[in-house]
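Colleague: I am attaching a structure below and will ask some questions about it afterwards.
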Amino acid sequence: GSICLEPKVVGPCKARIRRFYFDSETGKCTPFIYGGCGGNGNNFETLHACRAICRA
């Protein structure tokens, strides 16, 4: 899906939430720390969800 091509966005908030995003350069789902608000669709709660949607 096109959300998998969106850039990683931490967002403006200061929470430290472990999420996963699809890295289009490596073709892999990669963990990152999400701020808790803002962001975009390339933000998954689990590695499994990221892989399922982005076919990684």
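Backbone N, Cα and C atoms are what each Cβ position is placed from, and that goes for glycine too.
Copying in the features that Swiss-Prot gives for the protein in this structure:
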DISULFID  CYS4-CYS54  disulfide bond
DISULFID  CYS13-CYS37  disulfide bond
DISULFID  CYS29-CYS50  disulfide bond
DOMAIN    4-54  domain 'BPTI/Kunitz inhibitor'
Colleague: Please classify the secondary structure at CYS29 (disulfide bond) using three-state DSSP.
Modeller: strand
Colleague: Since the record lists CYS4, CYS13 as disulfide-bonded residues, which of them has the fewest other Cβ atoms within 10 Å of its Cβ?
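Modeller: Looking at the disulfide-bonded residues CYS4, CYS13, the Cβ with the fewest others within 10 Å is that of CYS13.
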Colleague: Which of the disulfide-bonded residues CYS13, CYS29, CYS37 has its Cα nearest to the Cα of CYS54 (disulfide bond)?
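Modeller: When the Cα distances are compared, CYS29 comes out closest.
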Colleague: I need the least crowded one of these disulfide-bonded residues (CYS29, CYS37, CYS50, CYS54), counting other C-beta atoms within 10 angstroms of each C-beta.
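Modeller: Candidates: the disulfide-bonded residues CYS29, CYS37, CYS50, CYS54. Fewest Cβ atoms within 10 Å: CYS37.
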Colleague: Distance between CYS13 (disulfide bond) and CYS4 (disulfide bond) at the Cα atoms, whole Å?
Modeller: 22
